Amino acid sequence: MKRKGFIMTVYPDKHDEYEKRHNEIWPEMVAELKKHGAHNYSIFLDKQTNQLFGYIEIEDEEKWSKMAETSINQKWWKFMKPVMKTNSDDSPVSTDLTEVFHMD
């Protein structure tokens with residue numbers, strides 16, 4: 001497994017809506033994440049900075065990279081666009097982080 005950390009940004013007045021949408025995540029989205037090798041996926045919110053910290057473990061970069069191309073993922077991005085910063089293709093603006101420490 002490869003561990004990945006990343007930062008995204010939720011709009012200041014959309015914290016509750018962001019959480020609600022994830023609490024009600026579509027079963028087909030979860031299935032697609034798993035199909036593309038996602039495990040142990042969590043997102044944390046810093047309410048003071050509006051930053052989201054995502055942590056995910058993936059089986060393989062190539063397999064994971066294909067997730068963005070799926071129709072359900074494209075639909076999810078459009079659904080989430082009103083609550084967070086996004087790119088022109090509706091994907092979340094995201095910054096990958098460098099792991100500097102790990103302990104099992």
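The chain as shown is numbered from 1 upward.
Note: Cβ is positioned from N, Cα and C throughout, glycine not excepted.
Here the structure is a predicted model, which means the values were calculated and not measured.
Annotated in Swiss-Prot:
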type	residues	note
ACT_SITE	His22	active site, proton donor
BINDING	Tyr18, Tyr41, Trp76, Trp77	substrate binding site
Which of Tyr18, Tyr41, Trp76, Trp77, the listed binding-site residues, has fewest other Cβ atoms within 10 Å: Tyr41
Spatial neighbours of His22 (active site, proton donor) that are distant in sequence (at least 6 apart) but have CB under 8 A: Ile43
Distance in Å spanning the most remote Cα pair of Tyr18, Tyr41, Trp76, Trp77, given for substrate: 17
DSSP-derived structure type at Tyr41 (substrate binding site), helix or strand or else coil: strand
